[in-house]
Amino acid sequence: MKTKVYESENKMKLDEVAISRAIVSEQSKVMLDYYDLDCAIVGAGPSGLTCAAMLGEEGLKVGVIEKKLSVGGGMWGGGMTFPRIVVQEEARRLLDHFGIKYREYESGYFVSSSVEAVAKITSAACDAGAEFFNLTYVEDVVIKGDNRISGLVINQTPIQMTGLHIDPLTLATKVTIDATGHDSVVAHLVRDKGGSVEIKGEGFMWADRAESNILSHTKEIFPGLIVTGMAANAVGGETRMGPVFGGMLLSGEKAAKLAKSALKK
Ligand code: 48H
């Protein structure tokens, strides 16, 4: 019987421990470097991803903190699991910017694959140098005497899921973006601990109104904290829009512009 040959003279032999060391060593370097950020984006849905790509393209040090294993937030599922999203004319240039294909349905409704949209915006954010911390959730903020958010308190999602009593770690950030969608988590954290943030709550479905007003709700709501995407509409007391995503992309872009000018100050 012939014995299988697994090794040849010229081929590098893979060492399991070297693989482990490579992962731990590289991630430790990234974490040490990225625990001091220009901008922390909480939530990797469409608005957070767009913001990350745009800020990264400006050469800023951006970390995206996402509590789930996968990025993309509510965009993967399109409408009621049909993996298609609609984008209106105002945001079509952003589909072009990210190289997302689309087809025009009737007049002015541009339809794209939700999977392609998540993949391409994420790819743009990675290419632009944004670093992702997935399976990590924000559980608190750092606010000191200057009454400004200067850091985020983070922990690992599996720790939250298992209810283990393990203390979190803290990272420093000059600007924080709340891109946590309907829950507007960071805004709630600040308000619930006495920060002067007013959260009006999300309204009924009214797509045209929601999409028309989202940019006016995308703003700094507390020193060092900008809200974007569905979080902006939830904080601003605005209506919802269903699976039309132009506003999410435009809001992420505006949040990036606001963060950039805040960083210049
Ligand atoms: C880390 C967290 C935490 C936390 C939550 O919901 P998202 O997709 O957010 P947006 O605003 O970019 O997009 C909204 C859109 O998907 C949507 O829901 C629309 C258009 N709805 C319209 C309608 O009428 O219903 O993504 C938010 C992300 C998610 O991935 C969360 O897991 C993450 O934020 N997140 N990450 N720490 N504490 N809380």
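Every residue gets a Cβ built from N, Cα and C, even glycine.
Listed in sequence order, V42, I65, K67, L152, V153, I154, V185, V186, L189 are the same-chain residues at least 6 apart in sequence whose CB falls under 8 Å from the CB of V138 (NAD(+) binding site). DSSP gives V138 (NAD(+) binding site) a strand state. Under the heading NAD(+) binding site, TrEMBL lists S47, E66, K67, G74, V138, H165, I166, D167, M230.
Per TrEMBL, the feature Fe cation binding site maps to D167, H182. Within its own chain, H182 (Fe cation binding site) has E202, M230, A231, A234 as residues 6 or more apart in sequence whose C-beta sits under 8 angstroms from its own.
Taken from TrEMBL, the feature glycine binding site covers R240. In this structure, R240 (glycine binding site) is part of a beta strand by DSSP. The Cβ neighbour count for R240 (glycine binding site), using a 10 Å radius and every protein chain shown, is 16.
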Among S47, I166, D167, which are recorded as binding-site residues, the nearest neighbour of R240 (glycine binding site) by Cα: S47
Neighbourhood of I166 (NAD(+) binding site), C-beta criterion under 8 angstroms, separation at least six: N155, I159
Contacting binding-site residues, sequence order - S47, K67, V138, I166, D167, R240 vs ligand 1, Cβ under 6 Å: S47, K67, V138, R240
Residues S47, E66, K67, G74, V138, H165, I166, D167, M230 binding NAD(+) per the record - widest CA separation, whole Å: 32
